[in-house]
Amino acid sequence: MSVLRLECYYLGISTYFLESAMSDDYSVQDSTETNKIYNAKIIVVGVGGGGCNTIQHMIDNGLQNVEFIAVNTDANSLTRSTSDIKVQIGVKLTSGLGSGCDPNKGRKAAEESAEDIKKLLQGADMIFITAGMGGGTGTGAAPIIAQIAKEVGALTVAVVTKPFTFEGKRHAVNAESGITELSKNVDSLIVIDNDKLLRNLGANIAIIKAFECANDVLLNAVRGITDAITVPAFINLDFADVVTIMRGRGHAVICNGFGKGPNMVEDAVDKAINSPLVDQVDIKSASGVMAYVKINPNFPIIQLDNVCSAIQAYADEDADCKTGIFFDENLAEDEVSLTLLIAGISAVDPRKPANMARKELNSLNEREANKVAMFTDSTQNQTVSQTESTRIFESGGNSGSNQGQSSEAWNLPPILNSRNEF
């Protein structure tokens, strides 16, 4: 950990150490216990089949410093997860057989299990909610879980996908309605459009690879933010910076760029801004920008100014901008890797009005009301129950878990409340 990080991040505890040093009770153990207060507790919740697949991808790829919770109505699907905690919601409503692509059933399942979900989320400083929008459980339950996350005082960020066109009109209509509902209950919402990904990947890509690439984008989005909080830096970004950029900002995008050579900084920023995932987004409308910059330790100091100015050139002059500089010896001296989180944005192309999406959804639901599409294997071997409406299974595996608006207008996360004690 650098001296700069100690000065900025731990400034609030310097007085405590001074006072403790004058006490007979001061010991090394005291300082260790104090440091533990500043480890932000971050939870990633995967909701529905798509969300559970995404967090499994994160676990398999070694995402660290977070706790995973898999939430689904489909008990059979949960047996394939290696998440820290697996939660079967809506046991009475669905009998573990899924939601049948019905967001209303997914919503009711989450409401049925709301108290159990709340207990699991208590004490979190930041909660990511990931889901594939368009199905039943993810689309319907994610907004309810987001609402619960806000109630416990956590910074709440949703990272979700819009379905591929080949998944059908029903999924597209469900997704639009679900995203509208989800946006009401989160601090920041990152939506990955799978069709944009597909256009960038090429039409001949294998279907399994297309879904893997979508999961990679979600993984990189969550990793970019969590690394900014948890990885020691030369110029630090801490949890309070992330709160400033993401609290109550609404729609956001996250993008990556890489630059090499004399114009490496400008090239990296340009590639990030012109990423296909940022297509049709008004960057100038952003109210907050966070940059996670990786450079070689021998990076020319004169280029540091270029990093900030290149980013600021794309943003509004009144936007909150935070930059973290991280050393990576695997990069050459003339290389830069950049992750940009751009929050509080407006879309250039207005989304379909929510009431229109609901009318189309209601029409589809009427035509398919009598269809039964869910049959799964028996789950009698899963006997660890919390209530009649929820089953919670704790995994013995280790997936790497570690435990600018007025604070009067929002519930502060526990980690920020703890800082006020000094």
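The backbone N, Cα and C atoms fix where each Cβ goes, and this holds for glycine too.
Remember, TrEMBL labels are computer predictions, not curated facts.
Here TrEMBL flags 41-233 as domain 'Tubulin/FtsZ GTPase'. The GTP binding site annotation in TrEMBL covers Gly49, Gly50, Gly51, Cys52, Asn53, Gly136, Thr137, Gly138, Glu167, Asn215. Per TrEMBL, the feature domain 'Tubulin/FtsZ 2-layer sandwich' maps to 235-354. What TrEMBL lists as compositional bias 'Polar residues' is 378-392.
Overlay of TrEMBL annotations on the structure.
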residue : record           : Cβ neighbours (10 Å)
Gly49   : GTP binding site : 20
Gly51   : GTP binding site : 31
Asn53   : GTP binding site : 22
Thr137  : GTP binding site : 34
Glu167  : GTP binding site : 16
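In the domain 'Tubulin/FtsZ 2-layer sandwich' (235-354), the DSSP tally of helix, strand and coil residues is 36 helix, 41 strand, 43 coil. The DSSP secondary structure for Glu167 (GTP binding site) is helix. Mean pLDDT, taken over the domain 'Tubulin/FtsZ 2-layer sandwich' (235-354), works out to 84 on the 0 to 100 scale.
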